[in-house]
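Report on the structure given below.
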Amino acid sequence: MSRMFDEQWQRKRQRKFEAALWWYNAAVKVALEWTDLRRDGKESGAKRIRRHLRGHPAVFHNHYRLNPSNFRILCDELKARGLECTGDVTIEECVGMFLQMVGQAHTMRILAENFQHSEETVWRYIRRVMSAILRMQRDYIKLPGPDAPIHPKLREGTDYYAFKDALGAIDGTHIAAFPDSHEDFKERWRNRKGNMIQNVMAAVDFDGRFVAVLAGWEGSGHDSLILRRAVEQGFTVPEGRYYLVDSGYANTHQFLSPYRGITYHLAKFRQRRIEDRYENGEELFNHRHAQLRNIVEKAFGILKGRFHLLKDMRAYKYDFQTDIVIACCVLHNFLIRHPNLDHDTEQFPEDASSDDDDDNPRTSGIESMAGSSRRSDGERGSELRDKIRDLLWNSRCSDGQT
């Protein structure tokens with residue numbers, strides 16, 4: 001009798017368990033149908049990508065911020081670097097999700113609708129694409145070596161020949177950020193305008209390629225302090241070469257800044273007549289310096305214009321936000337290495353400028369970056385700057401343009 005009772009009790013318990021499991025599965029299914037936008041009967045993500053690839057290149061560019069030919073090259077390169085997509089998700093879908101996230105600033109919910117996958121699936125494959133792009137960093141973002149050739153823009157016979165040893169330009173820019181630190185520490189990311197941003201320092205060569213990127217610095221951090229941190233972390237300048245920087249940095253033989261208190265901004269020079277443009281050699285130096293250093297401003301402008309997420313960042317983990325910046329710089333260099341009709345580059349003139357300079361005060365305290373132990377660096381920087389000034393002014397005088 002007792003044995004029969006135990007069997008009935010076990011069967012009853014089993015039925016209750018099966019009923020509970022059925023209701024659980026039904027609840028999960030209903031929740032997915034209501035919260036997961038992929039169950040709306042639209043075309044699959046794979047079909048969507050194929051349709052866009054067969055369509056007009058300009059339409060594809062509007063969706064993914066690069067052209068179909070470059071998209072295929074990128075997919076092949078990421079696949080070669082270990083990107084794997086399993087199940088019913090193709091490589092093209094994975095890359096398309098990532099490009100729409102950084103290019104259009106789409107949320108996971110919108111991407112789930114566009115590609116007909118769950119938000120968890122979209123997020124998982126976006127992280128895979130991110131990891132693969134970051135593995136490209138070593139090949140696409142690298143400092144020039146001591147044997148770096150003189151850029152064609154700086155060769156003899158050009159207006160910039162006196163700067164022939166320059167490797168590029170350095171500056172910082174502000175990227176919207178959502179720091180996940182304690183409230184007391186979040187104020188470090190607030191700039192003078194009250195916005196939460198991360199300060200990104202980058203070195204750019206004269207082709208507009210990023211050769212070094214330091215992302216994730218607090219918005220209140222000064223550009224000169226970030227440069228010092230970059231040097232501590234391995235940023236090197238070959239002997240006899242230098243980068244152009246603005247007046248927010250200390251002038252040294254490796255980081256050449258303009259003369260202070262002298263006209264510098266390009267707009268002010270354009271307002272003058274050509275014959276009255278320069279009063280002395282310092283103004284001529286500053287104008288040529290500004291024209292060359294503008295390449296870093298233009299690179300930042302193209303980067304933010306192409307990847308809208310940099311201006312409308314989402315509340316991801318902060319490490320992921322900094323990885324997004326680096327990944328966008330890698331893609332920027334990828335598009336320069338694989339040139340094609342890129343609509344973004346047509347939107348930015350040669351004298352593009354940035355408003356970020358106004359966010360960091362240019363105080364005299366930044367001279368402490370060099371410090372007493374580096375006084376010789378400052379002296380060598382002044383000698384180099386004066387030498388270039390004299391070369392420019394003497395060349396102008398010899399041409400009868402004084």
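Yeah, the Cβs are placed from backbone N, Cα and C, and that goes for glycine too.
Note that TrEMBL annotation is computational and uncurated.
Pulled from TrEMBL:
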| type | residues | note |
| --- | --- | --- |
| DOMAIN | 42-134 | domain 'DUF8040' |
| DOMAIN | 170-333 | domain 'DDE Tnp4' |
| REGION | 345-383 | region 'Disordered' |
| COMPBIAS | 347-359 | compositional bias 'Acidic residues' |
| COMPBIAS | 374-383 | compositional bias 'Basic and acidic residues' |
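With a threshold of 8 Å between CB atoms, the same-chain residues lying at least 6 positions outside the compositional bias 'Basic and acidic residues' (374-383) that come near it are 250-257, 367.
On the 0 to 100 pLDDT scale, the model's mean across the domain 'DDE Tnp4' (170-333) is 86. Per DSSP, the secondary structure of the domain 'DUF8040' (42-134) breaks down as 69 helix, 0 strand, 24 coil.
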